[in-house]
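**Student:** Structure in structure tokens, see below.
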Amino acid sequence: MNIKKAIERVPGGMMVVPLVIGAVINTFAPQALEIGGFTTALFKNGAAPLIGAFLLCMGAGISVKAAPQALLQGGTITLTKLLVAIGIGLGVEHLFGAEGIFGLSGVAIIAAMSNSNGGLYAALVGEFGNERDVGAISILSLNDGPFFTMIALGAAGMANIPIMALVAVLVPLVVGMILGNLDPHMRDFLTKGGPLLIPFFAFALGAGINLEMLLQGGLAGILLGVLTTFVGGFFNIRADRLVGGTGIAGAAASSTAGNAVATPLAIAQADPSLAEVAAAAAPLIAASVITTAILTPVLTSWVAKKQARQASLEKNA
């Protein structure tokens, strides 16, 4: 029985399959993951420490020379996501009012499209990308929260730049970079461990998803996810390539962060007049989180295969 080969037939399978299994268990038998001990620590609450270990391992593969390019890619993709989200969201708000179109409000669009799932990004660039793509997460982590969304809605005065959150993401990467650049043997040792961690933190991420939210969000929520991955992804990929990337990082960032579901609450607290719209946006964003967790690996895998074919043709030309 070749389980590994079967999983790898699915685009981004080492990320997607464990994530879906975790979500299914959390939806239908959540108590199975809450028995305590090592089981709960690993399968339910393990995402953050496992991603931290993953970033350290992958950071070991980043050379000091590659760091500026990684920062450029991360900054460009982050800015592109923000501008595209603002453009589409405020366009819908202007043309169709606060209620939006097809059930999609400007608040929901901006909150979903201006965020990205850091864990999903890390897994995908770890599998398909290069050291610069991995390093870009240090900047991309800035869009993992309500800050940019609130800027877009004119409520920037109610938010602060999460500097310590950025530092917290950087520390494992920097520790890995230091070890990898000081000792080539440590680089080889650590970088081999990165891919091993992907299915474990993918399962833990899935264990935080309840598939009932997909039903609550309905077709509008699924449409929001499609918009985030494919329309937003088109611009992210172009922006990534514009600054010398392969497009893989841009594709991998075309998702909605899990904590984006809490963004409408932050918006409602900043502007109580948006409370009703914000409440309606939450299930839509939750549906987008689930939809993009499935679609973004498909897009990233397609971009990676296309890039590999082009590289092969150029090599043989």
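Each Cβ is built from the backbone N, Cα and C atoms, and glycine gets one as well.
The transmembrane segment annotation in Swiss-Prot covers 10-30, 47-67, 82-102, 106-126, 134-154, 159-179, 195-215, 217-237, 248-268, 279-299.
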**Student:** Taking 10-30, 47-67, 195-215, 217-237, 279-299 as candidates, which has the most Cβ pairs under 8 Å with the transmembrane segment (82-102)?
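**Tutor:** By the under-8 Å Cβ criterion, the transmembrane segment (82-102) pairs most with 217-237.
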**Student:** For the transmembrane segment (195-215), which stretch among 10-30, 47-67, 106-126 has the most Cβ pairs under 8 A?
**Tutor:** 10-30
**Student:** Between the transmembrane segment (217-237) and the stretches 10-30, 106-126, 279-299, work out which stretch tops the count of Cβ pairs under 8 Å.
**Tutor:** 279-299
**Student:** Mind checking which residues of the chain, 6+ beyond the ends of the transmembrane segment (279-299), have their Cβ under 8 Å from one of its Cβ atoms?
**Tutor:** 11-13, 15-16, 19-20, 23, 103-105, 107-108, 111-112, 117, 120, 124, 205-206, 209, 211, 213-214, 216-218, 220-222, 224-226, 228-230, 233, 251-252, 254-258, 260-261, 263-265, 268
